[in-house]
Amino acid sequence: MPSAYYQPLEPQASDDNDERWAIEDDDEQSSGRTERSSQYQHLHTRCYPQQLLATGDQLPSMGMAPRLRGAGTCRRSYCIMLLLIVVGVCFVGYFFVSPQSAGRGDDGAEDANGIYEPHNGKDSTTGHALNEPLHICSESPEDRRVYIQDKPRSAYAQLPVIYFVTPTYPRREQIPELKRLAYTLLHVPRLYWLVANDQERCDTFLDTLLSGFGIPYAHMASPMPSEFRKSKPAPRGVANRRAALQWLHQQNITNGVLYFGDDDNTYDLRLFSEIRQTQRVSMFPVGLIAEYAVSVPVVRDGKVVAFLDSWVAGRRWPVDMAGFAVSLAYMSQYPNVNMPYKPGYEEDLFLRSIGLRIDQIEPKGANCTEILVWHTQTKNKKSAVVRLNSEFLDGRSNLGALFQSLKLMGVASASDTEGPVAMISKNGKSKSHSFILS
Ligand code: UDP
Ligand code: MN
């Protein structure tokens, strides 16, 4: 989620700013003219004696060439100084005063209506090409679901496929969140689930879990590069999404729809019907985003005209990752598609890399009046450690198998020496472990 912590990107002229500067220029040319000439005169009078001293003359005289030359040089140097000051002020104002001007990369020409022309994605804001090693843990393109919602799977055969990209990472909430998400996705026909785990090695527990749902899926290991781990904020879920983009590229998938669906969000089933027919890029509101508890395109006469989001920070596309879907036929025209490791700017830079224009956006969710996805968050806690003697964690009770599974899921582990002693009670009274388990 974006936060005000992030710094804006390098500036670029925008429709708003161009207008603003144009007005200021006009002002300067009219009302500002007297001020500028009086300022010049002031400089000029201060200048003259210095020039006189330099030329050895006592008083300025219009008829004397050296004096005039000296005055002219002085005037010119003050003009240059003045020009430099004006340029400097404009520069400073442009970078620091106007928040709207910041963060606009040079990526697209603007026409008279303030509409950006698409570009080929090749610019400094798109970062390095997607070239990380792609590590597939397990995959199955087969849809083993017999019925989806109230129809046999075959009833949906003609629908475009939704490639649902889920970045995920090991923590104690990971498995419950993925399960909750899977039980939503089970109701969605023609969906390919790309689960990219932020971890070096393949998690076999996840392989089993994912294959068990019968949804077509690919499970990949895509760790965040170590240099970003320490940074605050870190680019969360970027390596994983990049891996999924690479998977799509390698499979040469140029049909269907791409959607970035984090593991902790809440999805309305109607979202999937809405985004499935995306022609280029569709957008829609996301609930529970930041200060306004919503991030939403502003729609007028069925067209996106602006954005309502509490964190602009110079982003041309101030949207959440869950707030848009992309046609893969459209995306495949942009070979430089990218999602750079730039916390807070992932959505913006991704959308810039595919040359999006505001007039091309397809608003969804009844012209962006309905919330079909919620940015729910789970309270993260460290994996628990419970003191429970390992000699009791065998087949004599359920606890051995249970703690083995909890450990595999990264939820909790039993220890002989660490953590609070596990409370085992009967009839409201604490009992010793050996009394119950031996
Ligand atoms: N994520 C990840 N690695 C991390 C942190 C997060 O892969 O180190 C994933 C996470 O599972 C989620 C997405 O990136 O799918 C966004 O992270 P999170 O939900 O924590 O961020 P927020 O929604 O608060 O912006
Ligand atoms: Mn989240």
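Cβ from N, Cα, C; glycine included.
For GLU347 (active site, proton donor/acceptor), the same-chain residues that are 6 or more apart in sequence and have a Cβ closer than 8 Å to its Cβ are ARG315, TRP317, VAL319, ASP320, MET321, GLY323, PHE324. GLU347 (active site, proton donor/acceptor) carries a helical DSSP state (H, G or I). Positions annotated as active site, proton donor/acceptor by TrEMBL: GLU347.
Residues annotated as Mn(2+) binding site in TrEMBL: ASP264. Mapped onto three states, the DSSP output places ASP264 (Mn(2+) binding site) in coil. Around ASP264 (Mn(2+) binding site), taking its Cβ as the centre, 20 other Cβ atoms fall within 10 Å, counting all chains.
Per TrEMBL, compositional bias 'Acidic residues' is recorded for 13-29.
Counting Cβ atoms from all protein chains shown, ASN367 (N-linked glycosylation site) has 15 others lying within 10 Å of its own Cβ. Residues or ranges marked as N-linked glycosylation site in TrEMBL: ASN367.
Annotation comment: TrEMBL describes 1-41 as region 'Disordered'.
As annotated by TrEMBL, transmembrane segment applies to 77-97.
Counting only the Cα atoms, the space from ASP264 (Mn(2+) binding site) to ASN367 (N-linked glycosylation site) is about 25 angstrom. For ligand 1, the nearby recorded positions are ASP264; that is, of ASP264, GLU347, ASN367, these have a C-beta under 6 Å from one of its atoms. Checked against ligand 2, the recorded positions ASP264, GLU347, ASN367 give ASP264 as the ones with a Cβ under 6 Å from it, listed in sequence order.
Following the DSSP three-state reduction, the secondary structure of ASN367 (N-linked glycosylation site) is helix.
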